[in-house]
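Participant: So TrEMBL lists the following for this protein:
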type     : residues : note
TRANSMEM : 12-29    : transmembrane segment
DOMAIN   : 14-300   : domain 'Sugar phosphate transporter'
TRANSMEM : 41-66    : transmembrane segment
TRANSMEM : 78-96    : transmembrane segment
TRANSMEM : 102-124  : transmembrane segment
TRANSMEM : 136-157  : transmembrane segment
TRANSMEM : 163-183  : transmembrane segment
TRANSMEM : 195-214  : transmembrane segment
TRANSMEM : 226-248  : transmembrane segment
TRANSMEM : 255-276  : transmembrane segment
TRANSMEM : 282-302  : transmembrane segment
Amino acid sequence: MAKMINKTLVLTYIYLLIYIILSSGVILYNKWVLSPKYFNFPFPITLTMIHMGFAGFVAFLLIRVFKVVAPVKMTFEIYATCVVPISAFFASSLWFGNTAYLHISVAFIQMLKALMPVATFIMAVVCGTDKPRCDVFANMLLVSVGVVISSYGEIHFNIVGTVYQVTGIFAEALRLVLTQVLLQKKGLTLNPITSLYYIAPCSFVFLALPWYVLEKPTMEVSQIQFNFWIFFSNALCALALNFSIFLVIGRTGAVTIRVAGVLKDWILIALSTVIFPESTITGLNITGYAIALCGVVMYNYIKVRDVKASQPTGDSLPDRINKEWKMEKKSSDKFNPNDSEEIPRGIAEINDEEAPLITSRLSHIGRTQLGNHAV
């Protein structure tokens, strides 16, 4: 039993480490590719379309050719009313978020991302999936004040980049809320591969219009520095990030994931200043971000507490690990599309770069662990 617990903990920490490395790597890689000072490919929509095309192609191979997982029963009505709007906001969040790299530093972008809980809460209230609460509102106010202070202390503050990033944050927040409202209410949940299979191609199509209007006229083939291995490895990292998040969610609880996210943000801010020397961090930046982070931590505590209150008391830790270990040996990679089991809200709100599957179906092991995990 002790060896089993140690094996589970080691795997969990390995998955968390992989997630932190890939999540930070994708952001830094995108910044390096897009920045005129480095690889000099200032076409964020094109880069995002490459990611979506690659992800959709890999998902197609896994589902239709190699049949790793079975496709879900997708009707035209569900596709038009659920997948299409979710893909539209997902494409928008990636478009705006990647465009922000052209104007502001990675460190400042991470500080602005502290607004994500604020945006998610506002959109949830507007869409009727959450109710206004004084405790949450106080946390949102604290986060907002911290971000304002951090912005005021930004030496290279750029209003265009800030607007792009904040708009992308609200687009992502609306995408998360729509995923809960549209997909889960219809009893449809997707595993990581089928999520990319349906969402990535649709997002690619949505990005085609702004690409044709904004980027195509300014692209001159003779001036474009195209390196196949750079773009292939960049898209591969983005795809790997999706699956790493799936593994992390399947192995940990809400608290662990959120703490890992906070740790990743601090590591990313520090790394960005080393890799991109022009990214200068001031004392006011750190002070504002620390204030915002306090609000985020308090918000995370409230959401995790709500998740715990909504779940029945589980077995003891050894019993849960023993059950999960047995299930792991018996489980297959096939998913039942008719199973409408929902994911706890605290997990569903977790978001990251290039990841449409955060609220997707977990593996049988992951769903059991989340259902019983006493965080």
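Including glycine, each Cβ sits where the backbone N, Cα and C put it.
A description of the local structural setting of each listed feature is requested, covering burial, neighbours and distances.
Facilitator: A mean pLDDT of 90 is what the model gives for the domain 'Sugar phosphate transporter' (14-300).
Long-range contacts of the transmembrane segment (41-66) within the same chain, counting only residues at least 6 positions beyond its ends with a Cβ under 8 Å from a Cβ of the stretch, are 30, 33-35, 91, 94-95, 98-99, 101-102, 193-194, 196-197, 200-201, 203-204, 207-208, 210-211, 214-215, 219, 224-226, 231-232, 234-236, 238-239, 242, 354.
Outside the transmembrane segment (78-96), and at least 6 residues removed from its termini, the chain residues within Cβ reach (under 8 Å) are 44-45, 48, 51-52, 164-165, 167-169, 171-172, 174-175, 178-179, 182-183, 186, 188, 198-199, 202-204, 206-207, 210, 353-354, 356.
Beyond the transmembrane segment (255-276), the same-chain residues lying 6 or more positions past its ends with a Cβ under 8 Å from any Cβ of the stretch are 12, 16, 19-20, 23-24, 27-28, 31-32, 35, 105-107, 110-111, 113, 248-249, 289, 293, 296-297, 300, 304, 347, 350, 352, 375.
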Participant: Can you name the far-off residues of the same chain, 6+ from the ends of the transmembrane segment (102-124), with a Cβ under 8 Å from a Cβ of it?
Facilitator: 27-28, 31, 34-36, 42, 44, 130, 136, 139-140, 143-144, 146-147, 150-151, 154, 156-158, 160-162, 164-166, 169-170, 172-174, 176-177, 265, 268-269, 272-273, 276, 278-281, 285, 288-289, 292-293, 295-296, 299-300, 349, 351
Participant: Can you tell me which recorded stretch out of 136-157, 195-214, 226-248 has the most Cβ pairs within less than 8 Å of the transmembrane segment (282-302)?
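Facilitator: Per the Cβ under 8 Å count, 136-157.
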